[in-house]
Each structure stands twice: as C-alpha cells, then as structure tokens.
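Just below is one structure, and these are the notes that go with it.
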Amino acid sequence: MSSDGTPGRKRSAKVRSSVSGLEIEVLREAGDWESSTDETVRRAAEHAYAVARGDESAELCIVLGDDALVAKLNKAYRGKEGPTNVLSFPAAEMPDTGAPEAVFGGATPLLGDVVLARETIAREALDQNKKFADHLSHLTVHGVLHLLGHDHMEDVDADEMEALERDILEDLGIADPYGADHPGQ
C-alpha cells in the first residue's frame, strides 16, 4: 500500500535529467511493470525532449498503467472504446518563444502526462516481433513528442514525426519501429 493509501500506486522521486532540462516523475498506477521500466521510460523521454526541445527546463509525468486504466481514459477523453498503447495529455501548449520563463513566469513549465498501457504494449511488441523495452521506449518518445506539439493527423505531419522518432530511437540504439522488420506497422 502506498503512502496515500491506494493499493499499487507508487510514485518515483522526480529526477532532473543531466542531458536536458527535463524533470521526470514516474507514477506506477497499475499493471505488472518490470523494475527496470522507470529507467527505460526516463531515458527515452529525456532523449526525446533533448532532441526535440533542447535544454529548456520542463516537467512531465509518465504514468505506468494497465489496459483497464487506459481504456477508461481513452473513453473519457477521446470517446474511443478499449485501450490504446499510449495517451498524451498536454498541460499547456508550449509556445515556441525560446524562453519558457517569459511565458510561465519563471516557474518550470509542466508539459503534461504520458500514460502507457502495459498489456497493450506487451501484446504489440510480441505481434510486431519487437523487444518489449524497445517498443516501450518508442511509445514513450511518441508520447513526449505529442506533448511538444507534434501530431500525425496529416500525412506530412506523420512523416515528420516518424522521422524524428526514428532519429531519436537510432540515437538510443533502437531499430526503426516503422521498418519492414516489424510487421503490423
């Protein structure tokens, strides 16, 4: 039982990246996550942020959930039935001013939350012949890029976002998640 009395909920200490100005909190909300998961998602998030945004200070929360939690959020916020692999909830649009202090009054801006679904990610990794940690890293990168304003609604935007994901993942030593070696993409 956690300090707030909720079974299964566990907050990690906020960790400020030495690579970027990103402060990351990992919240284990639900699901059977490996002990190494916190480090996997932190590494992916900080690298995505460093590549896409630079060294500006910011905070984000990564929520480790299960299919039931993500299905509930998916229905409530997107009107869609069932779980998905990752959801992103931006706290505010990050204006491209180059100086977040000017917009956020000196406070560290909160990017938002990235919520991951354990069972869906495991199922997809198996179906697509990917390592679980690699697929988890990809979806974490994907979620962080959404918090930074990237989307894939139009083909040109999808191409740009996927290229950025490929570059970030290559830096992390992870194969192209959209390549021919991964069916189902």
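Numbering starts at 1 and runs along the chain as displayed.
In case you wondered, yes, glycine gets a Cβ from its N, Cα and C as well.
Here is what Swiss-Prot says about this protein:
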BINDING   HIS142, HIS146, HIS152  Zn(2+) binding site
Listed binding-site residues (HIS142, HIS146, HIS152), ranked by Cβ neighbours within 10 Å, top entry: HIS142
Where HIS146 (Zn(2+) binding site) sits in the secondary structure, as DSSP reduces it to three classes: helix
